[in-house]
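Peer 1: Quick paste of what TrEMBL says about this protein:
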DOMAIN    B:79-157  domain 'Acyl-CoA dehydrogenase/oxidase N-terminal'
DOMAIN    B:163-271  domain 'Acyl-CoA oxidase/dehydrogenase middle'
DOMAIN    B:282-451  domain 'Acyl-CoA dehydrogenase/oxidase C-terminal'
DOMAIN    B:467-594  domain 'Acetyl-CoA dehydrogenase-like C-terminal'
2 protein chains.
Amino acid sequence: MPTYTAPVRDTLFVLNEVLGYERYSNLAGFADSSADVLEAILTEGARLTENVIQPTNRAGDIEGCVRHDDGSVTTPKVFRAAFDEYLQGGWMGLAAPEEFGGQGLPYTVHTAVSEYMISGNMALLMYAGLTQGAIAALIAHGTEEQKATWLPKLVEGGWTGTMNLTEPHCGTDLGLLRTRAVPAGDGSYRISGQKIFISAGEHDMADNIVHLVLARIEGAPKGTKGISLFIVPKFLPDASGSPGQRNGVSCGSIEEKMGIHGNATCVMNYDAATGWLLGEANGGLKAMFTMMNEARLGVGLQGLAVGEAAYQAAAVYARERLQGRALTGPKEPDRPADPIIVHPDVRRILMTMRSVNESGRALALWTALKSDIAHRSADEKERQDADDALGLMTPIVKGVLTDKGFEHAVMAQQVFGGHGYIEEHGMSQFVRDARIAMIYEGANGIQALDLVGRKLPMHGGRAIQAFFKEVGDFCEENRADADMAPFTKALKKGLNDLQAATMWLMQNAMQKPDNAGAASTDYMHLFGLVALGYMWGLMVKASQARLAVGAGDAASFYENKIVTGRYFMERVMPETAAHLARLSAGADAMMALPAEAF
Amino acid sequence: MPTYTAPVRDTLFVLNEVLGYERYSNLAGFADSSADVLEAILTEGARLTENVIQPTNRAGDIEGCVRHDDGSVTTPKVFRAAFDEYLQGGWMGLAAPEEFGGQGLPYTVHTAVSEYMISGNMALLMYAGLTQGAIAALIAHGTEEQKATWLPKLVEGGWTGTMNLTEPHCGTDLGLLRTRAVPAGDGSYRISGQKIFISAGEHDMADNIVHLVLARIEGAPKGTKGISLFIVPKFLPDASGSPGQRNGVSCGSIEEKMGIHGNATCVMNYDAATGWLLGEANGGLKAMFTMMNEARLGVGLQGLAVGEAAYQAAAVYARERLQGRALTGPKEPDRPADPIIVHPDVRRILMTMRSVNESGRALALWTALKSDIAHRSADEKERQDADDALGLMTPIVKGVLTDKGFEHAVMAQQVFGGHGYIEEHGMSQFVRDARIAMIYEGANGIQALDLVGRKLPMHGGRAIQAFFKEVGDFCEENRADADMAPFTKALKKGLNDLQAATMWLMQNAMQKPDNAGAASTDYMHLFGLVALGYMWGLMVKASQARLAVGAGDAASFYENKIVTGRYFMERVMPETAAHLARLSAGADAMMALPAEAF
């Protein structure tokens, strides 16, 4: 079974030395997480992950979830106790408002700790993640009464949440959805229809499950304009707020899936179930979208987290597995063979994962910090800038970090050779689990379209211009520094490719929209490389600054950072040119064949 | 369940119009497969695949293999009947010599048909593929008596073969192997030891299983020089040649694996089992290597075959699934949504798979033809040239087509969205099955080292110089043709990158071997792109030639080829520059960190 050590040191480096976390002590919640407190929280999150959560991962995969004839679903035996410890530690409400039982800490801290826990057990943490999505929706759109009814139970009481969007004939295209809502006359609605792919739709880890369900009120407009969001609990709360009468919602079946076996993926049948409108009638999509940024960042984090866990397992194996000799002569002549970490091609795999993970972590935290600023700053301009950056970077964090996370799981499995293909070492599980993050919460092709079609042109390109300026200024400011020059040069090259790609889109996609669609995935990955490269620029600069004043025993940490950053610039960044070349080819050859030719 | 249609038309195009199959009628077996016969064989192979083999694929994955307490292993119920039809059709011995019951047809034809059958059911075809490996080893190294004893049973009699190399502590590094062979005094040996990851090591589809086992004869030199190859049957043949006494070999357990569930992956325990030396004492590795080219081409074919099956399933789904509207306005306004094939990003996925598959098929057949020429030509120079090309291209076919095949399975799964992640549609199975081909028969990192370390410098670079000249001449000869110029230009650019990479290796890897290891995987993929691009050059030229003389009803086939070739040049080929940039960075940053820093 793979081992895992939460990268607390690395998180602290990013927060304190790269992003200047303490500068934000004027924002709500930040003052409550000074450097000492921050380190204590991360350390406690690491402890829970390593001792409690991660040890349930493999068992969860093997045992999976089982639906019984009465529609109930049991989760892997070890899950409940681990989830209870998570709840008791107050982790569910880490960033939730104190008035509902939360701790009101920054979303950034929640993000940092969530990475560890997802590395430990992605399927288990999904029960928490979906609940946090429901909490966010209720905070944003709930009436005072709704907040009082549901939030304390979700934050502290162990009730869990779900998101019910997909139907058999409608996934990405929600305009097609058919689930109906009929007013009951008492302010509630009767919800009927079938939803599929509902993660955590039914399970045995909570006293109640709060479903947020998209449905169409009788007589509502067709398409996406006629969709509303409803709160539909498994048990209707009684007068005391405790779970009372069973509602007309049940799990019809659970899916056999490639991975995340510990999380029940349910077909949910709604049969005149009682529900209450959340937010405005016909405003369901809008309400869902307010949760979207954080939900998508959460999925991006899954990519990073599983990729990191896989990397760590591969690194341990590469240090221990003896096979062959170094090309430069035996490194451990007294042993029958050298550890495979001596082989450059194994190093290539490890360094690729490492260099992308470390910058991916920085990018996830950078983006989470923008979310905090956007929600908590008193300064309107600061909020707007942060919200721009958050919106821009969300599809990139989701689309790029999940693609990379899956690639990393596959690469780590390759380090194990045949031992990676059998289930015993857990490497296959990483691959199977990581795969879903590229699909749900908007498939990555949808993220790319969101970036190109919505985020790029929004406010006349304000967000992207600000990002280009920030990265460009960084390159310019550090160009004269001989130690930084190799890094800024490579980053500038990537930025130039990105700007050329953006220009190409402006010139070619307006009148021919297929050119935007044809470019979108390459553009997203090109953007991702520049964003990761920028994180490397910041991290290398912080490391050089620290070494310049003397880092003592910690010097190797900073030296290793610089080497890893160099590897990224040399070996990962050059891909930008290929993305630019591809997308500049346009849509013609892509769209030329008639559909029946395929 | 996915549908599959064998691409007979495409295979015939490659063989007849691109590779000029009929020019080789002077070679043994080729005259027996004139155009009519060739088409009849492919059509019959297609029929068997579509009607008999492919329908067993999903059931095989679900049911898997079961080991019983007595050490016996049962395969999926539907496998035996399908395998019997395969045997009755004479497919096992299609390319085996007639004197042992085979049909003596070209290996090229075997390759063409095998692609279909592996697309139909990779796990099932592995039982055949391993048997064909054993047949090849016996033909190359068996005594007359050994050939007479074993070959008819393997070719016609339904006995199957295995290759036993790996031990728990030794995979790639065979010098570490410990399995012992003790002379019994009667010409036979007693073999003892444990082998792992033995595909088809024990099962219920054959009356006997012939294990080819690497072991170390008592007192043999250490390392790879002291390894010998043995024939160790499950049942010792009796006087009539039928399975007699049970030998001291048994299956200790079978592995839980990510995929190829229908093929039993066994731990094999040898307990003073009777075996006979195959080939020379201490010449086991050499004997294994004579099978290596064909075995590796066979695994490369698995990549192509599963990638093709996945592509076809995705194409069908993309034409049928209704979701969203075309960016250019509704294509099917009378239906609730357009089929997703209208979306450029879906097209991008389909065209990428298609353009690589079609050129991958051409490359596999080009290489198989080299094998035929190398083995069957009467002309020594022709044999040598073909053998050079075969040796050079083998690691590329294995390493590149299996990496691409897995990528395609993942891409095809993405087209299905959430429906691809559940097991129901079979897309997860393609991903899980395709994954192993990147690992076994020499992990792809080993293929890259074989290319850079052995194939490149062999005979002073003769093979690679010949390939460069062939591709360079092709570009030069077609440069003035306006229709060909866009293709030759892109191909020439790729060739230039490959030649620059080769030069970089010559200048940097001799004195610093880590630079070779650090470059190897990028070099292999760069080479693969140029090889696939060359196939596209040949295919486009053949298509243009045919259209020039009038192709009648078939015109769209050739027009689609040209569009697909254009897509490849525009969207796949540009990756060569990124590979060159990466590998030119050298090994320094890759190797700088101490092992304990990982």
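Backbone N, Cα and C atoms are what each Cβ position is placed from, and that goes for glycine too.
TrEMBL labels come from automatic prediction, so no person has curated them.
Burial and contacts for the listed features, if you can.
Peer 2: Residues in the domain 'Acyl-CoA dehydrogenase/oxidase N-terminal' (B:79-157) partition by DSSP class (helix H, G, I; strand E, B; coil) as 59 helix, 0 strand, 20 coil.
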Peer 1: Does the domain 'Acyl-CoA dehydrogenase/oxidase N-terminal' (B:79-157) make contact with the domain 'Acyl-CoA dehydrogenase/oxidase C-terminal' (B:282-451) through 3 or more Cβ pairs under 8 Å, each pair 6 or more apart in sequence?
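Peer 2: Yes; at least 3 Cβ pairs under 8 Å.
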Peer 1: Looking only at the domain 'Acetyl-CoA dehydrogenase-like C-terminal' (B:467-594), what are its DSSP counts of helix, strand and coil residues?
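Peer 2: Per DSSP, the residues of the domain 'Acetyl-CoA dehydrogenase-like C-terminal' (B:467-594) fall into 108 helix, 0 strand, 20 coil.
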Peer 1: Tally of helix, strand and coil residues over the domain 'Acyl-CoA oxidase/dehydrogenase middle' (B:163-271) according to DSSP?
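Peer 2: When I sort the residues of the domain 'Acyl-CoA oxidase/dehydrogenase middle' (B:163-271) into the three classes, I find 7 helix, 55 strand, 47 coil.
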Peer 1: So what's the mean pLDDT when you look at the domain 'Acyl-CoA dehydrogenase/oxidase N-terminal' (B:79-157)?
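Peer 2: Taking every residue of the domain 'Acyl-CoA dehydrogenase/oxidase N-terminal' (B:79-157) together, the mean pLDDT is 97.
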